[in-house]
Each structure stands twice: as C-alpha cells, then as structure tokens.
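Written out below as structure tokens is the structure these notes cover.
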Amino acid sequence: MHVPDGFIDAPASAVAGVVAAGAVAVSLKGARKELDERTAPLAGLVAAFVFAVQMLNFPVAAGTSGHLLGGALAAILVGPYTGVLCISVVLLMQGVLFADGGLTALGVNITTMGVVTVLVASFAFRGLLAVLPRRRGSVTVAAFVAALLSVPAAAAFFTLVYAVGGTTDVPAGTVLTAMVGVHVLIGIGEAVITTATVGAVIAVRPDLVHGARGLTAPLKLRVGGELVDAAPATPAPAPRSPRKVWIAGLVTSLLLAGFVSFYASASPDGLEKVAADQGIDRKVEEHAAKDSPLADYGVQDIANARLSGGLAGVIGVAATIVVGTGVFWTVRRRRTEAAGRTEATGRTEATGRTEATGRTEAAARTESSARTESSARTESAARTDETG
Amino acid sequence: MGSGHAHRLYRHADSPVHALPPHCKLAAVLAFVVVVVSTPREAVWAFAGYALLLAAVARAARVPGRFLLRRLVIEVPFVAFALLMPFVSQGERVQVLGLSLSVSGLWGAWNVLAKGTLGVAASVLLAASTELRALLLGLQRLKLPPLLVQIAAFMIRYGDVVTDELRRMRIARESRGFEARGVRHWGVLAKSAGALFIRSYERGERVHLAMVSRGYAGTMPVIDVATATRAQWAYALALPCAALLICLLGWFL
C-alpha cells in the first residue's frame, strides 16, 4: 500500500504531511512517557523488528504469499505512541532508502499506514479489553478484532485521501469497494497472524505485551504467616488531569458543530434516503418539535445559512453538555451515597471469606511466578554474557 | 554485521555527487520531487526533460543505467494499478487496438507512471550516492527531531542484526524439515515472529544498559558536524532549479 509520488496531488499531500508531522510529534512525547530514556534504543529495535517482520512471508495458498503490515501488532505489543513512532520511522527509511513509497507521499503513507492503523487497532483493543473479562483469552479476542479492523480502516482512509486529492478520476465509490474488499481479506490474514504472534509473546514474556499489562496477578509476600501486598516495583503514574481532555473535547465539538457542520452534506443521510426511496417514510408525521426555534439545525430569524447553522450547532453542543453533566452528576452523587451505605454492612462478612479461601491460591501463585521470573532472569543474564 | 556498514543500495564511487553534503542532497531531491509532482500532466515533454536531468545526475554520480533500472522494479505493484486505470475510469472513451479505453484514465495512468518513476529514480540516486550514516546526519541537519533521528539510526544499525536473526530462525526451521506451504503453517511462523519480538526487545534493553554504562544520558554526542559551503548548496540545488524552470514552462506553454 506504499503510495508513490504523483498519485495524490500536491495540496492534499502537503496537508497529509502536516497531519503526519503532528502525529509524530505527539507520539515522540507519548513514547517518552511509555519508555522514558530508553526510548531511542527500544523504539529503534522495535522498528527494526517491524521492518524485519514485514519480510517474513506467510504463504496463503498455491504459491501466493502475503506479509504482515505490523501496525496492529506494534500497537498491541509496545503501545500506541511507540507503535506510531516505529511504523513512521520504518516508512521514512523505506521512502528515503529503498524508494518504497514516494517522498512527497510520505505524509499520506504515514497517516494511512502508521497513524490510522495504530489508532484504530489500539482503540478497538482497549475498548474490547475494557468490556471483556480480565483473562488471557480476552487479549486474544481483542487482538484479533483490532487487527481485523485496522487494515480495512486504513484502506477506507486511503480512499478518503484519494477522493480529496486523487489525480485520476476513477470514481471514489469504485476505489472504496475495491480497496476495502481486498483489504478485508488481507485484514483476516493480518488478524490471524497478529493474534498468534501476540499469543506467542504472552506465553513467554507476558510483561512485555503493553496491551496485557493489567493481567498479571499482583505479587503477594508472606510476612510472618500473613499475606501482604508487595510494594509495586514502579510507582503508579499520577492520575492525569481530565481537564485537558475535557477542554480539547469541548473545543473540537464546538469547532465541528459551529464551523465544519456547514460543509456537511445537506442531502438525506443513508437511512433517510433508503426510507424515502422505499416509501417507508410516507406515514412519518412531522416531528412534534418542528416549530421549535432550532428545528432542522438552523436558528430561526437568521437569514445567513452559515451563521444560522453554526449557531444552532453551538447551542446544541452547549445544551448537550449541560444536560449530560447534570445527569452524570446526579448519578455519581447517588452512587457514592449508596456505596457508603453498603460498605459499612458488607465489610465484616467479606474479609472473613477471602482470608479462608484466598490464602492457598495466592501463595501458590506467588511462588510459581517468582520461580519463572528468576529463571528467566538468569537465562537472559547468561545470554547477555554470551552476546555482549 | 559482517557486511560492513554500507547498505546494498549504496554504490561506492568517487564522484562530485558523492562528495556533496548529505543535507544538500536530501533537500535537492525533496524539492525536485515536489516540482515534478506539481507539473501538469499534459506537458509530456516536461517529463522527458526531468528524465534527462536525472540521467545527467546519474552520469555525474557514475551510477550505471542498468543499476538504476533494476532498482525501479520496486514500483511494479503500482504499475499494475496504473495499467488497470484506463479500463475502469469514466468519461470519454477512445478505441485503441480494439479496446475501449477511457481518455482521462489514460492520462491518469500516464500521470502516475511518469511521476512515480521519476520519484523512485530520484530516491534511488540519492540512496546510491549517500552512505547510511551520512543520510542520518543529513536528516538531523534538516532539523528532524533528534530523538526521531536516533530511533532511525538504531533501526538502521540493528536492522541487519534482526533480519539476520530472522534468517537464522528460517534456516533452523528448514533444517528440521519445516516448509511453510499454506495457512496451516501460520502458527509456526507467528511463533517465530513472537520470538523475534522478544529477542529484539531484550536486545534493546541490553543495548540501553550498555549505553548507560558508557555515559549515555538521553542524547547522542555530535561528533562530526556536516557543513555545506555556498558553492555546494548551489551545485546541489541546480537540479531542482532546472526542474522548476521546466515546470514553469510546462504551466505557461
């Protein structure tokens, strides 16, 4: 999917380049948080790994073979920021050194194959992990779905770029069908291989898989016959202030609602169109609020279409925030009150039960995990001696 | 790293192009490609002019034409796509050898083929006349974030090592009678990929520790600073300037 020069026109390439530069800048910052001062060697080696694994050919059938794209794999194994960084570096080097992908199309390539793939994969992965039970099997399922989604998503994004700045006039619909059709197939292969690879890494070094960090049981120590939580090896990161996210979200939604919405298509959306074509909407009555001052996304008495639509959008966002915050606040207050009440009654019962059953299990787990860890350490130390 | 630090694409020669500072060459190639991409596709002769310019550079860099053509093979997948275009594009149609082809599709195919080939040829010339290390230095001089350049440097430096590890694993598999024939063998290959990741990551940790023990504190010391005189800049920028002249002629004629 490496786009050569001349496939996307100059303005669209420039915009994609700016987007890619921004994404790389953000990931440079984020990767420093994920890997601290080890960023350069570790991200470099992971980039080399991605580069090498793209050469590993997987036979499909009858002489044809495909290879891993690696975006989803990198996102799951080393985290989204480092993932974007590694894929971008690989693409940069492929463009400059191997002439694989044009220099002017570098921005398009990085946004499509680096940013979109990694973002879609990591969002899908995290979303699924949050929903599924905390087990090793869930990681497998989440990795499969994440990789499966990431490849067609990149293809669809490429079609979008093509529709904006393509230099040929093959209709975007045809390109979308062809690209997404082919890449769904590629995505299935990518998903199977990514899942198997993540599974292989989890089986040996689960601590290395960024996406499965919450799965390991906490270490317990037996101090004088009592099981005590061991002090965490690394201090837990300080909770991030939600204010920044909140403000960014607010600004984005205001921008979208007030300005960008003007450029949204005025033709009926998919559902409305199907309904109109099939005559489903014949019986639909006009909405009860059609006379409201904000009906059909415009403010009454304002003639300028742009101003009216934008104003309606801004008012809508504000109203949504007020209502949403109100609901959230009430629910949270009720929940904290309820939690306080149950805690008092439930505590004595619960402590008695866990102590009886939990001890043997936890002790066994600690022992086994300690054993594997120490053996792994000696092994790696031995290997260091050998190679270093 | 038995092969030394020169990559396969580099061709050692003693030419004025090889002697140019890397950041000048990078900037020149980038500017050249931008100019090529923004040329109107109807100006067919302009692309011939660009090709002549590149041929002159190849001659100055003592890169044989056959080497250049062999490296152009990388473009093949998109050539296939370009060849498909006249059949699926819409609009006015013409009859060529009994086939109904779209006019705009033909123009589109020409556009992608011409610009893509010129871009690849320019990149190949750059890689053939610039050493890896110099290329990284050039990127750094062009104000790429130092951390990004460091990551790229590690990737290049250990790319051969990691690829070699992959090759050894393949030989180990094959010597045990394994042959990947179909989907059923993906599991084994995926395990190789997993093992490769663990080895790469652990190597990264060891490299980091080794660097820390030698005084690494997050930045690499700058040993040789690439500098360029005004004459060198002028020499390097002759290529994009000539291309720009052709491009302007293409727009106004």
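Each residue, glycine too, has its Cβ placed from N, Cα and C.
In TrEMBL, annotation is done automatically, which means it is predicted and not curated.
According to TrEMBL, the protein carries these features:
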type	residues	note
DOMAIN	A:243-333	domain 'PDGLE'
REGION	A:337-388	region 'Disordered'
TRANSMEM	A:7-28	transmembrane segment
TRANSMEM	A:40-60	transmembrane segment
TRANSMEM	A:72-93	transmembrane segment
TRANSMEM	A:105-129	transmembrane segment
TRANSMEM	A:141-164	transmembrane segment
TRANSMEM	A:184-204	transmembrane segment
TRANSMEM	A:245-264	transmembrane segment
TRANSMEM	A:311-331	transmembrane segment
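Remote same-chain partners of the transmembrane segment (A:141-164), defined as residues 6 or more beyond its termini with a Cβ less than 8 Å from a stretch Cβ, comprise 1, 3, 8, 12, 16, 69, 71-73, 75-76, 108, 111-113, 116-118, 120-122, 124-125, 128-129, 132, 172, 175-176, 179-180, 182-184, 186-188, 190-192, 194-195, 198-199, 211. Here the transmembrane segment (A:7-28) has long-range neighbours at 80-82, 84-85, 88, 102, 104-108, 110-111, 114-115, 161-162, 164-167, meaning same-chain residues at least 6 beyond its ends whose C-beta is under 8 angstroms from one of its own.
Looking at the domain 'PDGLE' (A:243-333) alone, the prediction's average pLDDT is 61.
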